[in-house]
Amino acid sequence: MGLCFPCPAESAPPSPSPEEKRAKLAEAAERRQKEAASRGILDIQSVEAKKKKKEQLEKQMETSGPPAGGLRWTVS
């Protein structure tokens, strides 16, 4: 016949503390997010560099204000 229960002399393997479980789950979630973000991208560094450059250009446009000259819109 098969065994339904473990031997009484054997104790259950120690389970990790809740803090350790949370840390492992957080690490796994971060790893999954990184993998999902880079899915389909061959060169991650170039994509990140382009993103930083775009953010810098947007920040520069915000600080410099509207360009001088050009078309003006007036409502009368």
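The backbone N, Cα and C atoms fix where each Cβ goes, and this holds for glycine too.
The shown structure was predicted, so the numbers you read here are calculated from the model rather than taken from an experiment.
Per Swiss-Prot, the feature N-myristoyl glycine maps to G2; the stated evidence is similarity to another entry.
Annotation comment: Swiss-Prot describes C4 (among others) as S-palmitoyl cysteine, evidence class similarity to another entry. Shown in sequence order, the list is empty: the chain has no residue 6+ apart in sequence with a C-beta less than 8 angstroms from the C-beta of C4 (S-palmitoyl cysteine).
Per Swiss-Prot, S-palmitoyl cysteine is recorded for C7 (among others), and the stated evidence type is similarity to another entry.
Among the features that Swiss-Prot reports, compositional bias 'Basic and acidic residues' is placed at 18-37.
Secondary structure of the region 'VCP/p97-interacting motif (VIM)' (21-33), assigned with DSSP and counted as helix (H, G, I), strand (E, B) and coil, comes to 13 helix, 0 strand, 0 coil. The region 'VCP/p97-interacting motif (VIM)' annotation in Swiss-Prot covers 21-33.
The DSSP secondary structure for S46 (phosphoserine) is helix. Here Swiss-Prot flags S46 as phosphoserine.
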Whole-number mean of pLDDT values that fall within the region 'VCP/p97-interacting motif (VIM)' (21-33):
95
I'd like the number of other C-beta atoms within 10 A of the C-beta of S46 (phosphoserine), please.
10
